[in-house]
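Remarks on the structure that follows.
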Amino acid sequence: MAAVSAKCPFVWLLLWLWVRLSETENTRVSVGDDILQPYAHGHGPSHSHRHVRDCQSVVHGNSTYESQPPNHHSGLPVAESTVFVSDVSGSSRMVYGHITAVQDPLRTLSVLEPGGPGGCGMKQRVSVEETAEAAGCLYAQNAGFFSTSTGRCLGNVVSDGRMVQDSGGVQNAQFGIRKDGTLVFGYLSQEDVLDQSNPFVQLVSGVVWLLRNGEVYINQSLKAECDKTQETGNFQTFVDVVSARTAVGHDAEGKLILFHIDGQTGVRGMNLWEVAESLKSYGVINAINLDGGGSSTYVTDGSLASYPSDHCVPDSRWRCARPVSTVLCVHQRRCQPENCNGHGDCVDGRCRCHQGWEGKECDSLVCQPPACGPHGVCTAGGCVCDAGWRGKNCSQECLPGFYGDGCNQTCACFNGGSCDPVHGRCACPSGFHGDTCEQVCPLGFFGPSCAQACRCDDLCTCDPQTGSCNATLQGETNYTLHRAGHCLAKQMFTLWRRDEEAHREQPLLTEQRKLGMLLTCEDKAFLAPDHLRPGLSAVSQPAASLRTGVSQRGRRSLPRASRLLLRPAGRHQQSRFTRRSPVQEIRVHTGRLGLSG
């Protein structure tokens, strides 16, 4: 127990030392002591772009920069990085560095502001590691120059299509990538930088054009970039001194070449002549020099892969990477612009355009006017066709059976009717009518829209389609006509009977009234004197029957009992009448007629 207690203070001391060392390591920063500047005061020469053009060799004509067609080998790996250790020709020095070949640089390389967008505007300085990690860079190295006192980015800066800053025409060597993927190296006028016909999507300024068309171009650069207001010795020293170096160039295939050499100014590394020759040996065609010295940094997958030359604080035994300004970042293939102008999706560095858009950047409408013709309107979604029209350029009518916007509505026409492709209204064939041609022509009509009347004898019906009078009616129509004819005949017969009754001759007296009058006359005959009834019964007196209006027709219509009363009376009958009383005689006759007394 005592032994353990004795060791505890020692253990705690080791833990404290480890924590302190860890904190010290994590807080180490660059002193910024390895400064390599091309200009003593300010940055860049004061002469114009015309001066640069006039001073260059006539071999190059009026062009002050070189262009390389784009490399689009999208099927190959994004980049290949090689570590090399080699001796420098003509010296006993050994150099250590990285050379990285980048495919399809338009989609795989970006110029980044320190810390991300807005870094130059805030004059901030950030290590290459931090900037590269935030952007997801596969490989990264420092790029443009900056003010060590203020942190301001120097020269031209265009990052992923954004104009960050314009140098105002300062004539230093430039590296850029245009919108179409063309690589540009050399000296640019302010008009070149701001050109919008094929604008720069990436641009950064360096100092000294190392190689032009495969030849060392440093002497010409000294004339073009040296500031006449300062002693030439400072710029010459910048070129001749050995130091850590960073450069960018391209080969004959259009691959972008990133070049990095570790070193320390005046002690180890390469001068720019040696850098140019080394690049030339690797097949580089055009190349410019970027910021070097203590700024020279190379990062792989977010981790420092180079040996910085700046000492650290608070412990100068260590070397620390310097916070810098702009960074060249090699990343997975991206689209230009990354969002495909909002009209497509970026897949492996290629824009897959949404419907209605086309082009490498999905910035062109498929239906550029007047591609939609007279039956459509060009929109962001492509041609929008008028109702009744279809096709990529709205030149085709709807297929039979369809109508409306997009020809996506189905016609509802029966019996072979065709519909209007715009509104869907049905055009019926001969023999049919109705909104959907569902009805046969009414009897007696035929033709389109059933507008023509049949012209058949006896008002007979005709064929509803052709109007032929020899038509044979079938099925339901025949049955319907039969029922209608039967009904009509019955109604006509009823009306005829009713009309006959209305016009029939009506008798002046009813049967009962006639009988009553006859009986009254007969009764009077019984009471009449004998000389008024010579051979006839009193009932047969002509004046009594004829004056009451009993015609021969009326007589025939009387019952048999009544007709007997009008016959001549015989002797036997007269005796009978004489033997009966008048009341008894009336009862006899009324009983025979079935009348009540």
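Cβ coordinates come from backbone N, Cα and C, glycine included.
Remember, TrEMBL labels are computer predictions, not curated facts.
Computed from a predicted structure; not experimentally measured.
Taken together, the residues in the domain 'EGF-like' (403-438) have a mean pLDDT of 92 on the 0 to 100 scale. Taken from TrEMBL, the feature domain 'EGF-like' applies to 403-438.
Annotated disulfide bond per TrEMBL: C428-C437, in sequence order. All chains included, 23 other C-beta atoms sit within 10 angstroms of the C-beta of C428 (disulfide bond).
Look at TrEMBL and you will find 539-562 tagged as region 'Disordered'.
Annotation source TrEMBL lists compositional bias 'Polar residues' at 539-551.
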Count the other Cβ atoms sitting within 10 Å of the Cβ of C437 (disulfide bond), across every protein chain shown. 21
What DSSP gives for C437 (disulfide bond), in three states, is coil
